[in-house]
Amino acid sequence: MGTRQLLLLGMLVVVACVLPFVLGNYRVFQLTLALAYAIALLGLNMLTGFNGQISLGHGAFYAIGAYTAAILMDKAGFPYWATIPVSGVVCLVAGFLFGLPALRLEGLYLALATFALGVAMPQILKHKSLEHWTGGAMGVVIVKPDAPEGIPLSQDQWLYFFTLAWALLLFWVAWNLLRGRVGRALVAIRDQPIAAQAMGVNTAIYKSLTFGVSAFYTGVAGALGAIAVQFVAPDSFTIFLSLTLLIGVVIGGLASISGAIYGALFIQFVPNIADQISKAAPWAIYGVFLILFMYVMPSGVAGMVKMLRHRLSRSK
Amino acid sequence: MDLLIHQVLSGLATGGIYASVALALVMIYQATHLVNFAQGEIAMFATYLAWTLMQAGVPYWGAFFITVAAAFVGGVILERVVIRPVENGPILSLVIVFIGLLVIFNSVAGWIYSYTIKPFPSPFPTQPLFGNTYVTSHELGSAGVTLTVLLLVFLFFRFTPLGLAMRAAAQNPVSSRLVGVRVGWMLALGWGLASAIGAVAGIMVAPIVFLEPNMMGGILLYAFAGALLGGIDSPGGAVLGGFVVGVLENVVGVYLGTELKLTVALVIIVGVLVVRPAGLFGKVHVARV
């Protein structure tokens, strides 16, 4: 990372830290959710952008993370901060196990399998045999955590910083992971699977581990999101959530770490904007936004930013 | 046993619907190697058009053929206007454009026609055919329509020069262009055919599920599953896959309860695909270094 990039990053973090003190509580809450989405998008981008495995079902891992956190707090009396890593690990295992049979599926077929997972999740969560844990269609209510004593922050502000800390940690880990040997192996598997195998990359292990790690990220995001919303219910995690996550990844920019942030801002705020433009058919406006975005920036916001930076530095 | 026969037969009937949507999906896949997520919503919109025509006093079959023709033209225009600018972009950008189309069609239909459920007429008699009480005449009739469409598609691709040109454009666009096939227009034609077939499916399914903007949601998923099960590059396989999915869905509903039937049916399909990834009738592609 060059000094200019470091400087930029530092400024970004400073802005992120100032924001909750100038915005209202509701905006801070929305930003907290956007941060959680950014983590999930980063996870999905590892899988889809870097490794080339399309998932239309990551909403399911988001749901598993959210429910794990909610059940641990509600039934086992876990403190909220302790549920985050547990949710991540549960999703890591679930993702790895799902990734093993999915190894045989490629492209569309993997898309169908993950789509099935996404569609099935709300039905499974509602099922009678799990009702004792999941609360069936009623869901589980989570108590909103207070800031630790001695820290003069409102609940929303505290949750924002808590989520921001997790986001920074996970972005830092992903940055190191994807820039190094592992990242190159993932891209090699995406672009030239046979050549990668011939070079000695263990394709099978890498692919299912990527599934696991991306589920870990999405699960952590789900847990953070659930704590921010203070409620989990099956209908919050329909196939629509999975599609939204994929939209976020593509709009943000495939195979780009910073793209996760752009994508998260898009999926968090653009539906609101569409709603303000037309009360009658907000989703039509949203659809038009999606299509226009893809016309103007087919490689996502991150691709656009990269191109602009390139042009600027050349024109100097 | 009686129950099983009944479920298998009505499964075949709903399977016919999945089969025709699956066929439409395969049409676009053949032309562009993409799965069109907006297929179901396009069919729904076409069905609303047919409904409007009938409300205006056009007789059933008149409305039917006008709608199919309009859907064909609409599909061609959609490809030329909306899809073409992103044709060469990353595949996932196209998927997002499809999702965009899906929500636009759904939302606009809801805006124009409201989300209330509307009954839709069937062209077939209300009396069961041949004194058979297992399936309704509509179910038999719509299965017949599906098979007719399949036959027409087969004849078109097998025996007409245009069908040959479309197949060539899909398989090897560069060489086709060199021998004078207008590849861009072939893609648009593929879209037109697909949305026409989708319109037929929509009109056939509307009497069963009733007309509303979300009527194709579940159907598209099953059609997708059927197309992949039969093999996404084989129209016949897709139709058979659609029927299999329909039967599976109904039989699973009887023996394992209705609340999880979607899940179980999908798990079975994914299981089959893990064993035979190219689908039952798909071509197995062998990669070479």
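Glycine is treated like the rest: Cβ placed from N, Cα and C.
Heads up, TrEMBL stuff is auto-annotated, nobody curated it.
These features come from TrEMBL:
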TRANSMEM  B:6-27  transmembrane segment
TRANSMEM  B:60-78  transmembrane segment
TRANSMEM  B:90-113  transmembrane segment
TRANSMEM  B:140-164  transmembrane segment
TRANSMEM  B:185-209  transmembrane segment
TRANSMEM  B:215-232  transmembrane segment
TRANSMEM  B:239-256  transmembrane segment
TRANSMEM  B:262-282  transmembrane segment
Return the stretch with the most CB pairs under 8 A relative to the transmembrane segment (B:140-164), choosing among B:6-27, B:239-256, B:262-282. B:6-27
Winner by Cβ pairs under 8 Å against the transmembrane segment (B:262-282), considering only B:6-27, B:60-78, B:90-113, B:215-232, B:239-256: B:215-232
Taking 3+ C-beta pairs under 8 angstroms (sequence gap of 6 or more) as contact, is the transmembrane segment (B:215-232) in contact with the transmembrane segment (B:90-113)? no
